[in-house]
Structures are given as C-alpha cells and as structure tokens.
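> Quick one: the structure is below, and I'll ask about it shortly.
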Amino acid sequence: MGQEFVNQTWVNEFILLGLSSDRNTQVFLFVLILAMYVVTVVGNTLILFLIRLDIRLHTPMYFFLSVLSIVDLCYGNSIAPQMLAHLVSAQKLIPFHSCVFQLYISLALGGSEFFLLGAMSYDRYVAVCHPLHYTVIMDGGVCLGLAATCLMAGFLNSLMETVITFRLPLCHNVINHFACETLAVLRLACVDISFNKVMVAISGFLVIMLPCCLVLFSYTRIVIAILHIRSTQGRHKAFGTCASHLTVVCMCFGATIFTYLGPRSASSEDKEKMVALFYAVVAPMLNPVIYSLRNKEVMAALTKLVEKLR
C-alpha cells in the first residue's frame, strides 16, 4: 500500500480516485466502458483491414485514416484496460513508473491525433482545391513525411510536459482522476506551479491551436472553392469528401478546447474527468463509426467484404 507523503519529492505509487465511489455506478460504468472499448478495438481494426484489402482505399486520405486508427487503438489501450480493472477493484493503485509512462503515452498519442487531423485537413484542401495535381502533391513520400512529423511533434511535446510535471515535489499520492493526467498530477505539488501552468498553456497552444488554425485555413479555402462550383451535385460531392473529417475535427477539438482552454470553476475537476473520459474512450470509438457511416467508399468496401464472406 501507498505511504503518506508530506513534503516529499518522491512517491512509489499513486491512488486514483476514479470516476465514482458508488458501487452501482462503478458496475454501470464498467459495462458501458467495456462495450465502448470493444467497439473501439473492433471498429478501428476493421478500418485498417478494409484499407489494407480494398485497392480503392489506397489513397492519401485513407493512409492518414489508417494512421489515425492506429493512434486511436494505442490511445484506447493506454487507458481503458486500467480503468476497467480499477472499476472492479477495491485498490485503485498505479506504480509511479506506470503513471509516468501512461501520462507520456496518452499525451503523445493525443497530441499526435490533433496534428494528424490538421494534416488530414490539408489533404482535403489539396483534393478539393487542386484536384488535378492531388496525386502529385500528396505522393507517398509527402504522406509518410507528414505522418512522421505529426507523430514526432506529439511525442516530443509529451516528453517536455511529462518531464516538467514529474520533476515537482509532491505533497501526497492521491490523484483525483481515473488516469494520470497532467492537471490532476500538478495538483499534488507542494511548490509553486506557475512555470508548469505557463508551459501547459504553451503546449496547449502548439498542440491544439496550431492544427486548429491549419484546419480553419484549409476549410476556408475549401468552402470558397465549393462556392465556385456551379452544379449542386458537384458541391455535394466536394463537401461529401470532407464531411467525415470535419465531424471528427469538431468533436475532438471542441472537447479538448473546453477542457484546457475553458474557464475554471469549482467543479472544473469533475468536468475535466468527464471530457477526458469522452476523449479517451468515446472519441476513439466514434472515429471509425463516423468514417464508416458517412463515407460511401468505406461502406462499399465493407459491403464487398461481407459479400465475399457470404
């Protein structure tokens, strides 16, 4: 069991308070989160499988979607299994090194996803605004370079934030969260955290606002290009190629901006947990659902696969 740490700079393990202490609520959450976790794994694996099998999906757009699915799978596996275990366990403990690793991986994958969404918006901009040069501009090397840059940026940003978070002396080891999350860990510090707050704000700007600006720029140009299309059918077709991505962008950016850049309040810790739950469990589940239901090419590939299996 954990010790009581007062004015100490090191702890061996942390206690996670989780989402609720009520047993009935925990059982309900366990069933709900387990169902969403299964859908996340099956849905994203299916997306990867369809993209690999169907040659019609061997395009830059679906390359980025496959990378996004891998990120969602890894992100879900970094948090959901531990959440499920803690919901049925009396002792909600996590070793210090596991907490550091979880914070690092979740931040890295979360940041990478935002950068990927920005890269995907650029891909949609090129597809709609420069259709004749699309395959030349978005060739294999460019796609690999963009994906690698997005992942590198996410992991480097996470490394910086993780190091400055766990270098602080901690007063106790009870984290009011269901996972090791930056703001929740910072509240354990028994020294001034002004520097950390500034760095978190800078990190939030880099990870959230920069991709968001790229998304806004890309879709502004896309809207202008669509408005210049004379036929209604052409407009619908052009917008249809962006609808799934735009839905995911609004969902992910909206939730995270609300968490990290929204106003603070007395119940901000509970709000942070709810939004973090949405982003860690719900969003990875919804991404493949949105890209499947709102995408005719993916649905066509799925229908073809089902027919082959029959």
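Along the chain as shown, residues are numbered 1 onward.
Each residue, glycine too, has its Cβ placed from N, Cα and C.
TrEMBL: automatically predicted annotations, no manual curation.
Residues or ranges marked as transmembrane segment by TrEMBL: 27-50, 62-80, 100-120, 132-156, 198-217, 238-262, 274-293. Sequence annotations record features per position, and here TrEMBL assigns domain 'G-protein coupled receptors family 1 profile' to 43-291.
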> Please figure out which one of 27-50, 62-80, 198-217 racks up the most CB pairs under 8 Å against the transmembrane segment (274-293).
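Between the stretches 27-50, 62-80, 198-217, 27-50 has the largest tally.
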> With pairs closer than 6 in sequence left out, are the transmembrane segment (27-50) and the transmembrane segment (132-156) joined by 3 or more CB pairs under 8 Å?
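Between the transmembrane segment (132-156) and the transmembrane segment (27-50), contact is absent.
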> Sort out for me which stretch, of 27-50, 100-120, 198-217, has the most Cβ pairs below 8 angstroms to the transmembrane segment (62-80).
100-120
